[in-house]
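*Asks:* The structure under discussion is supplied below as structure tokens; questions concerning it will follow.
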Amino acid sequence: MSNEQQVRIYNPSEEMVKNAAVSGMDGYRALCKEAEDDYEGFWGRRAKELIDWKVPFTQVLDESNAPFFKWFADGKLNVSYNCLDRNVNNGLGDKVALIFEGDNGDVTRVTYKDLLARVSKFANALRGMGVKKGDRVVIYLPMSIEGVVAMQACARIGATHSIVFGGFSAHALRDRIEDAGAVALITSDGQHRGGKALPLKPIADEALSLGGCDTIKNVVVVKRTGGDCNMVAGRDVWFHEACASQSETCEPEWVEAEHPLFILYTSGSTGKPKGVQHSSGGYLLQAVLSMKYTFDIKPNDVFWCTADIGWVTGHTYITYGPLACGATEIVFEGVPTYPDAGRFWKMIQDHKVSIFYTAPTAIRSLIKAADNNPAVHPTKYDLSSLRLLGSVGEPINPAAWEWYYQNVGGSRCPIVDTFWQTETGAHMITPMPGATPMVPGSCTLPFPGIQAAVVDETGTEVPWGQGGILVVKKPWPSMIRTIWGDPDRFVKSYYPADFQGKLYLAGDGAIRDVETGYFTITGRIDDVLNVSGHRMGTMEIESALVAHEKVAEAAVVGRPDDVTGEAIVAFVVLKGPRPTGEEAAKTIKELQNWVGHEIGPIAKPKDIRFGENLPKTRSGKIMRRLLRQLAKGEDVTQDTSTLENPHILEQLKG
Ligand code: PRX
């Protein structure tokens with residue numbers, strides 16, 4: 001490796017190499033070569049083998065309307081059928097599909113047969129409400145069996161779901177309902193997290209009262225926390241009542257491979273989140289293939305992805321990928337720190353988890369917790385069931401990687417550091433656990449069939465060892481199809497004219513190792529922050545801040561944070577005088593809560609600083625690079641001679 005300090009290389013064990021789906025680097029290279037020699041054949045063969053089609057496809061890739069690529073377009077399938085009926089038909093009806101563990105530790109096991117019955121009942125209930133193929137259904141639910149059931153039920157009847165993470169505010173929920181033109185909302189009375197019962201339905205009610213949600217005809221409410229719950233007559237119905245009299249069988253709606261399975265909103269570089277639209281056939285193919293290649297899923301595995309279904313990771317690696325493989329998986333309602341920070345390790349021990357997939361931010365916070373309290377150190381638990389670990393959502397720093405490898409994986413489990421995005425649908429750059437020698441901090445090499453590269457501003461590949469822009473050279477089956485309702489933004493965001501519309505722009509910077517060609521992601525190159533593995537657009541937060549009556553102007557940047565990866569820092573100019581002392585502290589709280597209310601608690605700035613103005617060039621442009629230096633507490637090295645108002649730098653130092 002080229003880095004100054006000696007980096008360690010970790011080779012997969014012989015046993016892993018022998019048994020893994022992708023066996024050894026020769027196996028990996030053979031797959032890559034197969035894709036290089038016959039790209040469509042590579043994907044087409046796997047689509048035939050891994051998916052049950054109602055109507056087989058005759059064409060693999062249709063590039064005639066690039067970059068609106070189509071995969072397997074004349075084939076028909078149903079994603080829920082592939083996840084449920086297929087397994088039951090193959091004799092897995094009594095196999096446990098979901099092990100649900102509640103915040104309070106209660107465990108519910110749901111077999112494939114049972115899950116199929118629950119999904120069919122709810123699918124029938126939705127049909128009974130008039131929800132049909134192509135309708136959008138917004139799901140605003142905590143981690144629950146019903147969350148998975150609701151998603152699968154939509155898939156079963158061809159309705160396109162849009163999950164809104166339970167931590168988003170009423171405004172964020174309203175915006176997403178309105179943008180999608182959803183006909184139904186599925187929510188719950190509340191959720192249990194960290195020993196507390198938190199209400200959810202009141203937030204949903206507020207969202208619906210804000211205007212713009214007239215398309216919603218039905219609201220289905222899961223009873224989770226109990227107690228009082230406002231139910232609007234003629235609109236709201238309890239989930240259990242809606243399902244009670246329904247049949248346990250439901251004929252799936254056979255949809256075209258390109259039919260939109262879901263929309264998932266994610267942050268971009270403008271104030272408005274993007275509704276990333278995914279397909280059915282191509283998406284399912286890569287969900288399954290990555291379960292096989294990256295996670296090496298085997299019949300006896302117990303798989304646990306700790307993500308929330310509100311994020312893409314929860315879609316691909318909870319609701320769809322594991323179930324389509326007939327796997328047993330954990331669904332967890334709670335938080336990693338309740339009742340103590342040993343919760344993850346205890347659950348791995350109790351449920352004999354063999355594959356564990358989590359985010360660097362969780363690992364870093366659990367390292368801190370274990371340092372402070374040896375009783376919750378992972379080595380205090382029996383984690384011998386583990387055979388494979390994964391990381392996702394942000395770069396994992398080598399120190400956290402090593403700790404995870406040694407203390408959680410007992411220095412015997414490979415770590416797959418999986419780089420991908422809401423838009424890519426599935427893993428793009430990741431080690432193969434029985435093949436790729438691992439280097440902490442690097443997501444290593446592209447998934448077989450994925451043609452990733454690092455280029456300069458003109459789209460020309462840069463030499464290894466030189467940083468640049470991460471792109472994907474060829475379309476892939478699980479890629480984003482468009483931005484819901486805004487095809488122009490799709491083209492501009494992902495297939496920009498700078499690259500002649502030929503390269504997919506990921507929005508990340510990357511560098512390849514001089515010797516191995518391994519990829520290391522160097523972070524976003526747009527105005528998107530990554531806080532605890534969650535994407536936040538700086539413009540979204542700025543728009544929320546300036547919507548406050550006291551705020552005249554705001555600029556938001558990120559600064560590195562030990563636990564959350566990046567932390568949000570806001571520089572704010574008030575309409576009135578610049579506050580100091582107690583007045584400043586009070587206003588900071590007020591603005592933090594405001595952003596929490598406008599977007600959600602995850603978007604609250606950690607640090608807010610007030611100035612009489614923002615640093616601007618004489619042409620009025622905010623000098624963001626300078627703000628980033630101030631946010632980090634660094635000395636300003638940038639030339640400030642063009643600065644209109646140099647004296648405010650002192651005020652903004654924080
Ligand atoms: O910046 C990259 C980072 O997360 C972004 C995608 O965020 P999102 O769409 O919310 O999806 C997160 C879960 C797939 C990317 O553009 N990212 C994700 N995984 C990694 C990563 N950065 C470095 N290494 C990773 N393994």
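Our numbering is plain: 1 for the first residue shown, then up by one each step along the chain.
Just so it is clear, glycine is given a Cβ too, placed from its N, Cα and C backbone atoms.
Curation plays no part in TrEMBL annotations; they are all automatic predictions.
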*Asks:* For the ATP site that TrEMBL lists with GLY393, GLU394, PRO395, ASP417, THR418, PHE419, TRP420, GLN421, THR422, ASP508, ARG535, give the additional residue from the candidates ARG489, ARG524.
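*Replies:* Between ARG489, ARG524, TrEMBL records just one in the ATP site with GLY393, GLU394, PRO395, ASP417, THR418, PHE419, TRP420, GLN421, THR422, ASP508, ARG535, namely ARG524.
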*Asks:* Under 8 Å between C-beta atoms and at least six apart in sequence, can you list the same-chain neighbours of HIS548 (Mg(2+) binding site), or say none if there are none?
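*Replies:* Result: GLU590, LEU591, TRP594.
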*Asks:* Out of LYS196, PRO395, TRP420, LYS621, the recorded positions in the record, which is closest to VAL551 (Mg(2+) binding site) when you go by Cα distance?
*Replies:* LYS621
*Asks:* Roughly how many Å separate the Cα of THR422 (ATP binding site) from that of THR313 (CoA binding site), to the nearest whole number?
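*Replies:* Roughly 8 Å, rounded to the nearest whole number.
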*Asks:* Nearest to GLY194 (CoA binding site) in three-dimensional space, by Cα, is which of the binding-site residues GLY393, PRO395, ARG524, VAL546?
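*Replies:* Out of the listed candidates, the nearest Cα belongs to GLY393.
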*Asks:* Near THR313 (CoA binding site) in space, meaning Cα within 10 angstroms, which of the recorded positions do we find among PRO395, THR418, ARG524, VAL546, LYS621?
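*Replies:* Near THR313 (CoA binding site), where near means Cα within 10 Å, there are no recorded positions at all.
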*Asks:* Under 6 Å from ligand 1 by C-beta, which of these binding-site residues make it: ARG193, LYS196, SER532, VAL551? Sequence order, please.
*Replies:* none
*Asks:* Nearest to ARG524 (ATP binding site) in three-dimensional space, by Cα, is which of the recorded positions ARG193, GLY195, LYS196, SER532, LYS621?
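*Replies:* Of the recorded positions ARG193, GLY195, LYS196, SER532, LYS621, SER532 has its Cα closest to that of ARG524 (ATP binding site).
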